[in-house]
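Asker: Structure incoming, see below.
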Amino acid sequence: MAPKKKTIKKNKAEINEMTIIVEDSPLSKLNALNGLLEGSNSLSCVSSELTDTSYGPNLLEGLSKMRQESFLCDLVIGTKTKSFDVHKSVMASCSEYFYNILKNDPSTKRVDLNDIAPLGLATVIAYAYTGKLTLSLYTIGSIISAAVYLQIHTLVKMCSDFLIREISVENCMYVVNIAETYSLKNAKATAQKFIRDNFIEFAESEQFMKLTFEQINELLVDDDLQLPSELVAFQIAMKWLEFDQKRVKHAADLLSNIRFGTISAQDLVNYVQTVPRMMQDADCHKLLVDAMNYHLLPYHQNTLQSRRTRIRGGCRVLITVGGRPGLTEKSLSRDILYRDPENGWSKLTEMPAKSFNQCVAVMDGFLYVAGGEDQNDARNQAKHAVSNFCRYDPRFNTWIHLGSMNQKRTHFSLSVFNGLLYAVGGRNSEGSLASLECYVPSTNQWQPKAPLEVARCCHASAVADGRVIVTGGYIGSAYSRSVCAYDPALDAWQELPQLSTPRGWHCAVALGDRLYVMGGSQLGPRGERVDVLTVESFSPAARQWSFVAPLPVGVSTAGVSALHGRAYLLGGWNEGDKKYKKCIQCFNPELNEWTEDDELPEATVGVSCCTLAMPNSVSRESRASSVSSVPVSI
């Protein structure tokens, strides 16, 4: 037998020593350290917040390891073929679906999701524990289905962003379909825009031929569909119809979306009328007849305007018309320029004749040019006033001469209201004019209306509150502050509150519910012409004028137009420098500030400006060569 071990008894001193060690706890140590701070003024006690950037990933890694080991798992999620052990707290923290279930019954041990695919659920659970997932177009369907059902919004957004990044001609319609199924508005809108912008390439893909009638119909209705010409849209529609004879029943409904009025008469005869379906189907034939009548009745086109006569895929751009360029003072310009948002100023076309101080207006998609002067004679401008009136069609790059004004006019104003044009005042060789005449497109005639109370020229007008408001100008032998309004419904004039500053050769433009008057000149203290820099704004509702930000550069006989809620003031004459100007000044009413935009190609006075809806650059370049060489028949 082994000898017994001898027990060593501890004396009282040793016991007391052990007690001292135990009492030296973390709290005691803390108190001891805090005591060192008391009475010390040299130590900084400013607190700082620190973040352990690895804490979150480490926590997720730990939770994921616990799930793999089924350690402390307290919930089972089941599908028809597979079950998963998870932690309630993890699933409830990222899924509104689980949060609501467990909040309602915290004792829940199992949740069965028989409508969710095991692959989708497994991916969702992995995401909940790691914040990571692997996506492909082959698996995203089951994943996004589970994410939407379980209301995991961050995962839904990741799937939506993935779809947007993956959009291509081959899969764009699949993206539209899946986005529509799960209400992914951003992904759907992005995919639809991709299809609109790449419609020609998309029409050559296999997906295009699989479109339902509703899907292709929605595309052909779209105003923003990018095409080289509407004839191509017709040929693409026929291609879809011809693919399956069962689709013939949709021919009239589908082709009603083609803007036949924007196809030239020659192309209608050569490439549309030759398609048997367009002659055999009564409804399709009517579409063709309506388009031909539209072309045969140019003076009635305003009243015949419809969705099928409007261009698609275009944009609204600034247009300049005529004027007197500074580098060739003795020569007037026939040029019409447009400002491309990407490429700057380019020549669009030429007017039938040179002019400046003419007036322009846009109505029903057409550009109208009226009056002005056909010769450069600074000493007697009124002598060369003309009554010419013509219309430009941007769809076909064509001009037609319209009925001349009843009186020759220069330094007048031209306004559009309710489908009619109103020419106000001005002057000619007989002097200043008080007359007002109205152009009626359906009759191609000008009708006299109630005249101004007093003759005036060099004024500016714009339409606001349903009336043509005429501001300032030259009355008698003086600049005027007078403001009056013409009511077309009453054929009557009414005086309005006057401008604060007299001015002439200025501009007026309507932005929102207000009228803005800018630029022009007046007489200085020594009788000399001086620039008017103040800009005034009129509220028809309050019948009150107020000042807004002044012009950076004073100009007279400039052009003005509104675009995207801003006013653009182009070119003109500066009295201070005695120079023609090429500057473009932009006014933002929301910020009440002027900025200098780009410049005109050449300093110009007597230039007119407007905003016109133009076909996209592709269509402008290829309208004459956009006809497909592949015949279609159905």
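Positions of Cβ are set from backbone N, Cα and C atoms, glycine also.
Annotations per Swiss-Prot:
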- 73-137: domain 'BTB' (DOMAIN)
- 172-273: domain 'BACK' (DOMAIN)
- 366-419: repeat 'Kelch 2' (REPEAT)
- 420-466: repeat 'Kelch 3' (REPEAT)
- 515-565: repeat 'Kelch 5' (REPEAT)
- 566-614: repeat 'Kelch 6' (REPEAT)
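Help me understand the surroundings of these features in the structure.
Answerer: Here the domain 'BTB' (73-137) has a mean pLDDT of 93 out of 100.
Sorting the repeat 'Kelch 3' (420-466) by DSSP state (H, G, I as helix; E, B as strand; all else coil) yields 0 helix, 25 strand, 22 coil.
Across the repeat 'Kelch 5' (515-565), DSSP classifies residues as 0 helix, 26 strand, 25 coil.
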Asker: Determine how many residues of the repeat 'Kelch 6' (566-614) DSSP places in helix, in strand and in coil.
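Answerer: In the repeat 'Kelch 6' (566-614), the DSSP-based counts are 0 helix, 31 strand, 18 coil.
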